[in-house]
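Only one structure is covered here, and it is reproduced in the block below.
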Amino acid sequence: MTVDNQNLESGAMRFEVIKAALKGGAAARLGRLAFARRLPIDTPNYMGVTSRGALPHLTPDNVSKHLETTGAYMALEDFIERPQQYAKRTPPIYETPTTTKHNTRLHSFTALPQSVTTVLSARRLPAVASPMGNTNASVSVFTSTGFQVLTTKEYLSAVKTLTPDIAIPPADLTHSPITPNSKRALRMAERTDEWVVDWFSELSDSNNPRISTFAPVLPVSYSIQWEYISRLAEDYLPTSQLSGLAIYDADLLPDLAEHCAALVPLPRLSLADPPTPHHILRQITLGIDLFALPFINTISDAGLALSFTFPPPTTTNTSSVSESSSSCTGGPSPLAIDLSLPAHATSLLPLTPNCTCYACTSHHRAYIHHLLSAREMLGWTLLQIHNHAIMSAFFAGVRSMLAQGVAQEGNFDEAVRRFTLAYEPEFPEGVGQRPRARGYQYKSVGGGEGRRNKPAWSKLDGKAQDEEDGRIEA
Amino acid sequence: MASNRTFTSPALTFELVARCPVTRARASILTLPHGAVNLPIFMPVATQASLKGLTPEQLEATGCRLCLNNTYHLGLKPGQEVLDAVGGAHKLQGWNHNILTDSGGFQMVSLLKLANITEEGVRFLSPHDGSPMLLTPEHSMSLQNSIGSDIMMQLDDVLVTTSPDKARMREAMERSVRWLDRCIAAHKNPDTQNLFCIIQGGLDLDMRRECCREMLARNTPGIAIGGLSGGEAKDDFCKVVAACTELLPDLKPRYVMGIGYPEDLVVSVALGADMFDCVWPTRTARFGNAITKHGMLNMKREMYAADFGPIEEGCGCPCCRPTEEEGAMGITRAFVHHNAAKETVAAHLLTLHNVWYQLDLMRQARQAIIEDRFPAFVKGFFGNLYPDRNSYPTWAVDALRGVGIDLIQT
Ligand SMILES: [Zn+2]
Ligand SMILES: [Zn+2]
């Protein structure tokens with residue numbers, strides 16, 4: 001099974017399923033996704049989620065040197081704010097010149113290493129729900145200057161200008177945890193259908209062989225969106241305009257495989273925001289190839305170091321996973337260790353044993369504990385480096401289990417089962433203070449983020465606090 | 001122990017490499033327990049054992065081989081017990097190059113409203129729980145011994161130079177001398193850590209000279225000029241530095257504490273100083289400011305929103321260097337503008353640039369001294385910074401004229 005949209009030299013994308021379960025359809029599979037001039041992505045795999053074009057706390061040199069991450073999720077709403085005094089300005093990103101080192105505007109503006117594959121969507125992941133809602137021709141987006149209307153036309157034009165490797169067409173989503181009623185769900189499907197039709201007719205006019213479209217599959221039941229999905233399979237698959245699927249609810253995959261087998265060879269990108277590795281594994285078993293993973297950022301901000309491996313350690317002695325765990329009782333190990341806890345104050349151990357990341361090979365828990373306690377920004381940088389390394393290793397472990405011979409078909413499922421037992425179901429909360437909320441994206445969730453942290457240096461005068469704290473000033 | 005070019009003491013070697021024949025500027029090599037550093041030098045301030053978001057690896061890549069930690073901050077967090085358990089600040093922060101620590105006294109006086117100074121030490125209220133605490137010379141030494149810094153500073157009685165109280169100024173100067181004696185007596189590792197004295201005396205040049213003589217008699221391996229915290233007029237500052245360097249021995253490093261503006265550095269080098277530190281370059285980065293040879297640029301200004309040039313044309317830092325070069329990131333002003341005060345990454349990038357700028361300025365000054373063209377370097381530096389000669393600051397013109405450079409005449 002191979003999806004090949006290669007146009008000779010400028011070839012857009014190539015996806016190859018190396019190994020899929022014999023039963024076919026919705027099941028874990030091993031593949032390779034390759035874009036011209038990017039590092040190929042062995043799947044299952046993940047991409048980092050950027051904020052305003054940056055992987056939080058990581059300068060591009062640290063990304064190149066210390067991350068194996070081969071993909072980055074970007075949101076157009078992070079680039080198109082309209083400052084009050086300059087409401088009419090063209091978003092600068094549209095005018096960025098490309099260079100030999102950064103061959104798309106998206107790479108060039110963000111200085112993202114060119115080896116990294118980009119995904120562009122209209123909204124952040126997860127997105128803040130808009131009180132205004134979408135219209136027939138626009139989605140409501142949330143920028144640093146507030147909610148604004150993004151017409152589907154403007155979004156398409158941005159995609160053409162920025163040339164991401166993967167573009168997600170606009171989808172009529174509510175971004176709310178509440179399941180839409182069937183009337184609303186039907187309208188979501190109809191609008192998305194119309195938008196996707198416009199998208200392909202516009203995109204085919206232009207010469208954009210490098211942009212691969214991953215069409216959204218909505219988080220509503222298959223029966224509500226079957227017309228839209230059938231159109232994808234019948235109209236846009238044969239023309240090679242459709243390159244992949246952006247899945248907002250992995251539980252739809254069995255229905256998709258059953259009713260629309262033609263779509264099975266397409267790469268599937270999960271935008272379903274799995275909250276834990278358990279959820280990731282479940283989505284992999286449903287056939288997800290690639291994930292955008294927002295939780296890495298929130299885990300790092302919470303002062304947590306991921307501490308799981310896949311497959312899980314086979315020894316009964318799980319205490320090697322974390323010295324602060326309750327493993328002596330034989331219970332499941334934590335998914336992450338909380339570096340803010342005083343137990344780490346003098347520990348010269350790496351964050352997790354055997355981790356080869358920069359944070360673990362050059363530093364130790366005591367330093368990261370100190371940095372978190374002193375609210376020094378480097379603490380979050382080092383945790384990001386480690387947490388990305390753990391995720392890369394996790395997916396490498398998944399692939400190696402999937403790659404084992406047909407005779408050992410059950411190995412992966414068995415490892416998943418053991419993983420479920422070996423680790424706690426959820427991440428610890430993290431007692432540490434978060435970095436200062438960086439701007440706007442938290443506002444609408446109650447404004448609590450700013451007040452979460454107690455003021456530091458309360459005995460000092462205001463000037464001193466301004467001078468010595470570890471935050472950037474808003 | 002001193003030849004005519006080299007001075008050696010148990011934990012330090014100072015080698016004079018070149019001397020500007022016009023000014024008092026010197027180029028030298030200071031070898032410390034964690035390696036050699038070239039002087040003149042700017043030392044970035046990693047207050048709490050971290051340079052504002054940069055990894056020690058990134059800091060090392062700027063060429064930095066000597067940075068500061070603040071004793072007061074490390075004494076609070078992680079605290080002396082942890083420092084002892086971990087094995088000192090180098091181990092704590094994974095930094096295999098040199099560290100200089102202040103005594104902790106200045107931080108208390110400047111950060112804490114309620115610090116007061118007696119002969120015993122500095123009394124203050126704990127920022128943790130408000131309980132009364134006391135920092136004595138002995139306690140400062142003990143803390144700095146636990147930190148393991150390559151250069152330790154004596155506890156001094158710091159008074160703002162602008163204080164009008166002459167009697168209090170004299171008391172502070174004399175007490176600083178007495179405290180140096182207590183520091184020397186309390187210093188546990190003189191073979192592996194250097195203790196520098198600090199010359200006090202406010203703006204009174206005679207008092208400064210008297211202090212110089214007293215401090216020099218104690219024969220510390222290096223000498224700092226203290227108390228110049230920026231409150232005083234620039235020409236007073238220059239007079240104090242010049243008065244001190246005139247009396248200081250050639251073969252010991254001279255450290256002017258707490259200064260960092262590029263002009264101050266260049267003028268102080270001309271006046272014969274070797275070492276400088278300041279939080280300003282890294283602090284100002286967090287406010288969105290880039291230091292360049294043409295002055296400071298605030299990247300938050302709208303004019304940079306669509307400026308796709310590097311932060312500073314010609315800069316060799318990893319943000320700015322031409323994209324075809326090794327390690328270049330290809331950062332534009334537009335990207336820094338986009339994220340200034342919004343994502344920590346923008347602050348990290350500007351910190352990287354600013355630290356590079358400061359270190360490179362001193363590298364260039366040093367090279368100019370060695371190549372016997374330091375006066376031309378100074379003129380070029382001011383020429384870049386100001387639109388024309390009429391706008392040169394008078395204090396700089398006067399101070400440089402005093403050491404043989406006439407900025408106004410060609
Ligand atoms: Zn690690
Ligand atoms: Zn630069």
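Cβ coordinates come from backbone N, Cα and C, glycine included.
These come from TrEMBL:
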- B:24-384: domain 'tRNA-guanine(15) transglycosylase-like' (DOMAIN)
- B:Asp102, B:Ser103, B:Gly104, B:Gly105, B:Phe106, B:Asp156, B:Gln200, B:Gly227: substrate binding site (BINDING)
- B:Asp102: active site, proton acceptor (ACT_SITE)
- B:258-264: region 'RNA binding' (REGION)
- B:Asp277: active site, nucleophile (ACT_SITE)
- B:282-286: region 'RNA binding' (REGION)
- B:Cys315, B:Cys317, B:Cys320, B:His353: Zn(2+) binding site (BINDING)
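Sequence features annotated in TrEMBL and their locations in the structure.
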| residue | record | DSSP (3 states) |
| --- | --- | --- |
| B:Ser103 | substrate binding site | coil |
| B:Asp156 | substrate binding site | coil |
| B:Gly227 | substrate binding site | coil |
| B:Asp277 | active site, nucleophile | strand |
| B:Cys315 | Zn(2+) binding site | coil |
| B:His353 | Zn(2+) binding site | helix |
Using DSSP, break the region 'RNA binding' (B:282-286) down into helix, strand and coil residues and give each count.
5 helix, 0 strand, 0 coil
Looking only at the domain 'tRNA-guanine(15) transglycosylase-like' (B:24-384), report the model's average pLDDT.
95
Fill in the CA-CA distance, B:Gln200 (substrate binding site) to B:Cys317 (Zn(2+) binding site), as an integer in Å.
37
Closest to B:Asp102 (substrate binding site): which of the binding-site residues B:Cys315, B:Cys320, B:His353, going by Cα position?
B:His353
Cβ contacts of B:Gly105 (substrate binding site) (under 8 Å, same chain, 6 or more positions away):
B:Tyr72, B:Val122, B:Leu135, B:Ser140, B:Leu155, B:Asp156, B:Asp157, B:Val158
What residue among the binding-site residues B:Gly104, B:Gly227 has the most other CB atoms lying within 10 A of its CB?
B:Gly227
I'm trying to understand the geometry here, so how far is the Cα atom of B:Ser103 (substrate binding site) from the Cα atom of B:Cys317 (Zn(2+) binding site), in Å to the nearest whole number?
32
About how far apart, in whole Å, are the alpha carbons (Cα) of B:Cys315 (Zn(2+) binding site) and B:Asp277 (active site, nucleophile)?
21
C-alpha spacing of B:Asp277 (active site, nucleophile) relative to B:Cys317 (Zn(2+) binding site), in angstrom:
20
Where the criterion is a Cβ under 6 Å from an atom of ligand 2, which of the binding-site residues B:Asp102, B:Gly104, B:Phe106, B:Asp156, B:Gly227 meet it?
none
Just checking, which of B:Ser103, B:Gln200 (binding-site residues) has the fewest C-beta atoms within 10 Å of its C-beta?
B:Gln200
What other residues of this chain sit with their CB within 8 A of the center of the CB atoms of B:Cys315, B:Cys317, B:Cys320, B:His353, the recorded Zn(2+) site?
B:Pro310, B:Ile311, B:Glu312, B:Gly316, B:Pro318, B:Cys319, B:Arg321, B:Leu352, B:Trp356, B:Tyr357
If you draw a 10 Å sphere on the Cβ of B:His353 (Zn(2+) binding site), how many other Cβ atoms land inside?
27
